[in-house]
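Annotated features, as they stand in TrEMBL:
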type: TRANSMEM; residues: 33-54; note: transmembrane segment
type: DOMAIN; residues: 36-433; note: domain 'Ammonium transporter AmtB-like'
type: TRANSMEM; residues: 66-84; note: transmembrane segment
type: TRANSMEM; residues: 119-141; note: transmembrane segment
type: TRANSMEM; residues: 153-175; note: transmembrane segment
type: TRANSMEM; residues: 187-207; note: transmembrane segment
type: TRANSMEM; residues: 227-248; note: transmembrane segment
type: TRANSMEM; residues: 254-275; note: transmembrane segment
type: TRANSMEM; residues: 282-301; note: transmembrane segment
type: TRANSMEM; residues: 307-326; note: transmembrane segment
type: TRANSMEM; residues: 338-360; note: transmembrane segment
type: TRANSMEM; residues: 394-412; note: transmembrane segment
type: REGION; residues: 458-490; note: region 'Disordered'
type: COMPBIAS; residues: 458-478; note: compositional bias 'Basic and acidic residues'
Amino acid sequence: MAEAPAFDPAFPSGGNSLEVDVNAQYVGFEYHYTYLVFCGFIVWLIIPGIGLLYGGLARRKSALSLLFQSILVAAVTTFQWMFWGYSLAYSRTANAFIGDFANFGMKNVAAAPSPGSPYIPEIVFCLYQMLFCACTVQIVIGGSFERGRILPSLIFGFFWATIVYCPIACWTWNSNGWLYNLPSLDFAGGGPVHIASGWAGLAYAFVLGKRKHTGEKSHGKPHNTTLVFLGTVLIWFGWFGFNGGSALNASIRAMYAAFNTNTAASTGAIGWVMVDMIRNKGKFSVVGACEGAIAGLVGITPAAGYVSVWLAAVIGFLTAVVCASLQDLNDWLRIDEGLYVFKLHGIGGMVGSFLTGIFADQAISALDGATLAPGAINGNGIQVGKQLAEITAISAYSFVISCVLLLILKYIPGLGLRVSEEAEMLGLDMDQFFDEQIGDWAEFENMSKITHGDVREQGMRDVERKVESNSDSERASAERQAVQIDGKAD
């Protein structure tokens, strides 16, 4: 068999295509990068899948904003990755914590063997990893659920990818990274994708504060279960590429990872439904089944290429049961994180990473013909401690830096992370879009009349409270507010 291509520092781009055939070095290995680019194509489907999932979980009046952000996040993250994101995460001259600007602006990212695998041209590797970053930022944006303004969320996404995702990806997957050399075991993103996004989503919800509501029955309930289902289907399908491609080759290990992905999603759905049945006296929930499948996918992400099929089933089931059992997590934390980004991705990612340290089997990792990654079941108990180091470091870094970044943005004059209280009650779609809404216009107009009435009623209650106050300034404020309310009603 031909030798694998080797990176030549004298030709960091892989050679001058006007003078040599840069494809020649991959003769006999084409199936590896063909497989990976296909995996990248189906990973892309996760992005609109998350948009549909989030849109279905939201109330109707704020659903369109989440669909819109799924596309714009992909666009903004693509620019960030090309500009400096890829270089900060994967440059060959990175230190233990972050890359440098060796590949700034996609410099020399072309035909050379990639940092991740000599069988994969660097341009293919760059595309594949870019989609991971886009999916992660899209998950984080769920923390702004139903009250975050869109433009600031996109600005936050750009800088979050730069100072949170890229360093953590460098720690975990760059051959110079400190977690890579510890080593912690993270096959496809339990840390950089799920733990990081879960804690960042929690930080976003924390900084924004709780949603406003006046006891409306729709609060906290998904407006469209069909969208939730469709989004979950796209996410599940895309995850075959997410995990199946993370071997960075077309080996049997990659196929095994794909099988484990489906297994964990299936047992995750079963686990969540079982918890729902116990909690709700034998009744089912479509949303619960979808959340269970996603919890299983999250749990298996760090473990997919390390564990046997039956242990993958255990990981999916346990992750879903743990997440489903934390129904009151928001109340315990006193943070209104309505899309459960932290519960599904943060908690789920931590559970999956911890279980990877226990269940990793070197016989499975060796299916690629090169990797030996023993876990506790192989007698390597210290691996559990290394997984805890990964969990602790990524959790602390993501939450703290996300909070700092959000607070900086919050106090920039004219930016404003959050919509006004009135805009929130009317819905983000009316406040942030022109001449568009999700669904039938007639039904939307009826809903708007009801919502306007709720806003006016809430406003008049505020006026009455201020009038009853002994403060002259409060009474003056009440008079101005009453005039504004009457004007809007007219």
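Cβ coordinates come from backbone N, Cα and C, glycine included.
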Within the domain 'Ammonium transporter AmtB-like' (36-433), what mean pLDDT does the predicted structure show?
94
Give the nonlocal contacts of the transmembrane segment (282-301) in its own chain as ranges (CB under 8 Å, at least six residues past its ends).
53, 57, 187-190, 193-194, 222, 225, 228-229, 231-232, 235-236, 239, 242-243, 260-261, 263-273, 275-276, 312, 315-320, 323-324, 340, 344-345, 348-349, 351-352, 355
Chain residues outside the transmembrane segment (153-175) and at least six past its termini with a C-beta under 8 angstroms from it:
69, 72-73, 76-77, 79-81, 84-85, 88-92, 94, 96-99, 115-116, 129, 132-133, 136-137, 140-141, 144, 181, 184, 186, 191-192, 196, 200, 204, 390, 393-394, 397-398, 401-402, 405-406, 409, 415, 417
